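Each remark here refers to the structure printed beneath this line.
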């Protein structure tokens, strides 16, 4: 049996917004949107099998038995693929996107019970709109500057102000936006991320100066060569570096190590990442298959093609 991880837990506790008239209207709109997005049964079955296979491999690699979050990376894939995995029987919660506009559009079409992760390179000018316009944005994993952290904080503050009172006068609460600091563990010039030696300063700024953000941990996208070389016997140097950076940050911040999660591991190396202590893996092509070119991607997909 596939493991029952955080990825499959009910999100009722998370969704604390009062059930106002506006929310009823939005729920009806979401149901209408779901009906318009017909999920192809054959495609859904394939996705469910792929997700189950990944989940079983996560369980096998997870000798410690701790919770490991699986973020299904759905970038450039149609919203129907996400809906197929979010609805019963899998009820998967966590989905990752790389492009702000694509995430925003998908979030407007799909249920609010989805927990969105932004995992791509994020321009500073896109931070505030993203944090403000997507209430169920659960985590931004690619924060690598004070400017981006401040912009995300302002966006979440604006959302909190807008949600302070619902349509029927009830007071609502906005959950703090989780953020992970992206660390450039490989030292590659083309990679985003803060240098390991500067990570603690950025983490401290987020903790002390961004009241609408919650520092949840560190993330890395390591070198491809190291990723391909990762096996049960060979540890990934980037994963070692992220773990060591996390330990140093925890010491400097005076917090417990396990309060700062490690997000590391993708389709090619997630099993090795889990063996090295990852709390979260981001898996895309292994679940959804090869992606189309960005110019050919369609959020709503091709309904007629799906029917054929």
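Backbone N, Cα and C define each Cβ position, glycine as well.
Positions annotated as compositional bias 'Polar residues' by TrEMBL: 1-10. Taken from TrEMBL, the feature compositional bias 'Basic and acidic residues' applies to 291-308. As annotated by TrEMBL, domain 'Alanine racemase N-terminal' applies to 54-292. Annotation source TrEMBL lists N6-(pyridoxal phosphate)lysine at 75. Under the heading region 'Disordered', TrEMBL lists 1-40, 285-308.
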Problem - Per-residue pLDDT averaged over the domain 'Alanine racemase N-terminal' (54-292), given as an integer - result: 93
Completion exercise
Cβ density check for residue 75 (N6-(pyridoxal phosphate)lysine), other Cβ within 10 Å (all protein chains) comes to 19
